[in-house]
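These come from Swiss-Prot:
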ACT_SITE  His21  active site, proton acceptor
BINDING   Tyr16, Phe67, Asn69, Asn115  tRNA binding site
SITE      Asn11  site 'Discriminates between blocked and unblocked aminoacyl-tRNA'
SITE      Asp94  site 'Stabilizes the basic form of H active site to accept a proton'
Amino acid sequence: MTIKLIVGLANPGAEYAATRHNAGAWYVDLLADRFRAPLKEEAKFFGYTSRINVNGNDVRLLVPTTFMNLSGKAVAAMATFYRIAPDEILVAHDELDLPPGVAKFKLGGGHGGHNGLKDIISKLGNNPNFHRLRLGIGHPGDKNKVVGFVLGKPPVSEQKLIDEAVDEAARCTEIWLQDGLTKATNRLHSFKAQ
């Protein structure tokens, strides 16, 4: 089992680029940079796309240009076109239930109130069985403050922790594609940025 599509969830536009909700896109941007495979807008996939080769694995990258709650439109378009199954997809997203500096891989599960995940599950025919990369952003402590929190920019100290976790997640994604998910998971899940 390998990954054929890696998606970084985000809201489009400069005003959202540095917000916590765009952490998934930061990770895909880093992978694209690392493999010198610049993302280019592709209208038929409703997003920015690229293609990388990791140890012989052909992997597509996608950052949807839809708003977050319509992310599934882009993911389903690309998965259908390239005949990519849900369990061959890795979706990177911001995670309120993990602190900044922590990232975890996960297969399947619910959407935890995340509108991007909710739409992807729906557009994949109510199939939640895709891989996720949960990038910790922390929680504001009050559920009524969540919207403002995810659409806000983290302070410099938190941004540094998130960036380090994104960097480690990118390394662990390469390990996954070379040596398998177990090895990658063991490494990523023992990481915590200081």
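A Cβ is built for glycine as well, from the same backbone N, Cα and C atoms used for every other residue.
This view paints the features noted in Swiss-Prot onto the structure.
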{"residue": "Asn11", "record": "site 'Discriminates between blocked and unblocked aminoacyl-tRNA'", "DSSP class": "coil"}
{"residue": "Tyr16", "record": "tRNA binding site", "DSSP class": "coil"}
{"residue": "His21", "record": "active site, proton acceptor", "DSSP class": "helix"}
{"residue": "Phe67", "record": "tRNA binding site", "DSSP class": "coil"}
{"residue": "Asp94", "record": "site 'Stabilizes the basic form of H active site to accept a proton'", "DSSP class": "strand"}
{"residue": "Asn115", "record": "tRNA binding site", "DSSP class": "helix"}
Near the tRNA site, what residues other than Tyr16, Phe67, Asn69, Asn115 in the same chain have a C-beta no further than 8 Å from the centroid of the listed C-beta atoms?
Asn11, His21, Thr66, Met68, Leu70, Ser71, Gly116
Just counting, how many other CB atoms are there within 10 A of the CB of Tyr16 (tRNA binding site)?
17
Highest Cβ count within 10 Å among the recorded positions Asn11, Asn69, Asn115: which residue is it?
Asn11
Long-range neighbours only, meaning 6 or more apart in sequence with Cβ under 8 Å: which ones does His21 (active site, proton acceptor) have?
Leu9, Ala10, Asn11, Met68, Asp94, Val150, Leu151
Find the longest CA to CA distance in the recorded tRNA-binding set Tyr16, Phe67, Asn69, Asn115; express it in Å as a whole number.
16
Tell me the Cβ contacts of Phe67 (tRNA binding site) under 8 Å, same chain only and six or more apart in sequence, or just say none.
Asn11, Pro12
